[in-house]
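The structure appears right after this line, and notes come after that.
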């Protein structure tokens, strides 16, 4: 599918280790303590660099740096990106549109993108968000973001 | 005995029993649907249990997991797609029985062995956990430091696939554990100036991302195969006599599974593979394995359910998770104000026994619910992915939101979903990262506490006999792969 070369994974680990260690230098020392806040992160950073180095040296993978399988170059790749985009969309619009509408839109879009027919998909999406709203919003009293539809309902 | 009675009263309440029944039904359906795993079910259930009392909350998780691990065998047997990774070991045998026109035979054997294996695991849990807890009451931060290190080492070494990639996964988990304010020194670490990250990475949204969003990403495809499941015969016909004839496999599978499950970091998947291998080695007809033979199926089927229960031994006694599911449980226990460790065995033993009883109950419920789901399997397998995946996605979103009532949790879920997917695509196991997140904080806290107590004298880690013993075990674990590499070279 989307596979990095084993060497690339090793290099990423080394860079990650360097980043962790360099991130610890801003920590202030705790008085009277030999092993401050930076002690464990530095060990883990060093371990990341070491494990990354072994990974680079031991890699027998002579392929390209990143391999993307043919099925990922097709529409499925857009579908996977679409799943992530749907979550981002939910995050960006939920405060404005409210939980019910946003969740319905997200479920509907993914259903249709995966090949469901629009009419039944709309029913399932609306029913699903109503059910989640009932369970989490009403029974469990989670303050789900309110918007258009919720505003209408409290009015009546 | 009073404790047992109190525990029984805690479980025998209508709300608790209903919760167990509902969670079991949910679990058995989740396991039977390809693409929905036991861990995913648990991760998505947690936001709901968050609002329950401790006993029904933990009982719901235990029941859901036990059911899902069994019913993961169903798509494996009927379509050769294991519903959960723990069913993968014997999928060829079960599928061969289906192709021979006897799907109910493989599923019946799975059900019977899962039931017996599960009960063996629970009995071991009931017996071993309180004994270990009594032993562990005089552990100090030094012993807990070694135990956490032992858990981390096992997680990396025992994980499936390349050990080096297991280590990388573990390191990632440890790094995530550092994020937030360092409790001892009050120093914010790796928060990137974010106020929301000061309290650390919220664990449950991260788990939902790693186990549920990842699964959606893998299953998001337009050309999913349309499965055609065969008709079922009577499930229980001839089942009892086969299980009696294969009693050795059932028993050995249950015991092996219990032992493997109790190791930190090794869960039901590994138990099933180990037991399948043992069954093959001990069999008089090893050549029949993989062609629809019952021995491996029975032994591994008993083993994975046993492992599921015994994984709770280190979880409840030491706070060291046995597998990914119990890692999530530890998160839940902390949320409920129940710090896992020997203390809860002393302070609230009735709570622990209530958890054990609900475990036993869940395993017994396997029989009626398992039978029902086998009869209904044809229909469950035909639920279209185009409706299923949006349902799971919305459950992920609302569950991640509900833990902190904040959209930030949804962001965490998204980030960890992408990371988990990249891990899986590249053969990096996810389980060590989870254990790293849980155990990283415990390791550091106990190290720093021990150092403060001993005024910086490192000898404190080997002064007490149990601590020294645990340290030796850790060293041996680390030395083993190196020695093996050296020996293979000469």
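Using the three backbone atoms N, Cα and C, a Cβ is placed for every residue, glycine included.
If you take every residue in the domain 'DUF112' (B:17-435) and average the pLDDT, you get 86. The annotation domain 'DUF112' is assigned in TrEMBL to B:17-435.
Residues or ranges marked as transmembrane segment by TrEMBL: B:20-46 (among others). With a threshold of 8 Å between CB atoms, the same-chain residues lying at least 6 positions outside the transmembrane segment (B:20-46) that come near it are 56, 59-61, 63-72, 74-75, 79, 81, 83-86, 204, 207-208, 210-212, 215, 218-219, 227, 268, 324-325, 328-329, 331-332, 358, 361-362, 365, 369-370, 372-373, 377, 380-381, 383, 385, 388-389, 392, 395-396, 399, 403.
Look at TrEMBL and you will find B:58-78 (among others) tagged as transmembrane segment. Listed by sequence, the residues of this chain that lie at least six past the ends of the transmembrane segment (B:58-78) yet keep a Cβ under 8 A from its Cβ atoms are 11, 16, 19-20, 22-34, 37-38, 41-42, 45-46, 48-49, 52, 84, 86-88, 90-91, 94-95, 97-98, 103, 106-107, 110-111, 114, 118, 227, 229-230, 268, 301, 304-305, 308-309, 312, 325, 328-329, 332-333, 354-355, 358-359, 361-363, 365-366, 369-370, 373-374, 377, 380-381.
Residues or ranges marked as transmembrane segment in TrEMBL: B:107-132 (among others).
Annotated transmembrane segment per TrEMBL: B:144-161 (among others), in sequence order.
According to TrEMBL, the transmembrane segment annotation covers B:167-185 (among others). Non-local neighbours of the transmembrane segment (B:167-185) in the same chain are 152, 155-156, 159, 191, 197-201, 206, 419, 423, 428-441, 444-445, 448-449, 452; each lies 6+ residues outside the stretch with a CB under 8 Å from one of its CB atoms.
Taken from TrEMBL, the feature transmembrane segment covers B:197-217 (among others). If one looks beyond the transmembrane segment (B:197-217) by at least 6 residues along the same chain, the residues whose Cβ comes under 8 Å of a Cβ in the stretch are 35-37, 39-40, 43-44, 46-47, 50, 176-177, 179-181, 188, 190-191, 324, 327-328, 331, 335, 389, 392-393, 395-396, 399-400, 403-404, 408-410, 412-421, 424, 430, 433-434, 437-438.
Annotated transmembrane segment per TrEMBL: B:255-279 (among others), in sequence order.
The transmembrane segment annotation in TrEMBL covers B:311-335 (among others). When Cβ-Cβ distances below 8 Å are used as the criterion, the transmembrane segment (B:311-335) is approached by residues 38-39, 42-43, 46, 49-50, 54, 57-58, 61-62, 65, 124-125, 128-129, 132-133, 136, 144, 147-148, 150-151, 203-204, 207, 211, 261-268, 341-342, 344-345, 352, 355, 359, 430-431, 434-435, 437-439, 442 of the same chain, each at least six residues removed from its ends.
Residues or ranges marked as transmembrane segment by TrEMBL: B:351-374 (among others).
Look at TrEMBL and you will find B:408-423 (among others) tagged as transmembrane segment. Counting residues 6+ beyond its ends, the transmembrane segment (B:408-423) has Cβ neighbours under 8 Å at 169, 172, 196, 201-202, 204-214, 216-218, 396-397, 400-402, 429-430, 433 in the same chain.
Sequence-distant contacts of the transmembrane segment (B:430-448) (same chain, at least 6 residues past either end, Cβ-Cβ under 8 Å): 141-142, 144-145, 148-149, 151-152, 155-156, 159, 166-167, 169-178, 183-184, 201, 203, 206-207, 210-211, 214, 264-265, 267, 319-321, 323-324, 327, 330-331, 420, 423-424. TrEMBL lists B:430-448 (among others) with the feature transmembrane segment.
Per TrEMBL, transmembrane segment is recorded for B:468-486 (among others).
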Selection from B:107-132, B:255-279, B:468-486, the stretch that has most Cβ pairs under 8 A to the transmembrane segment (B:351-374): B:107-132
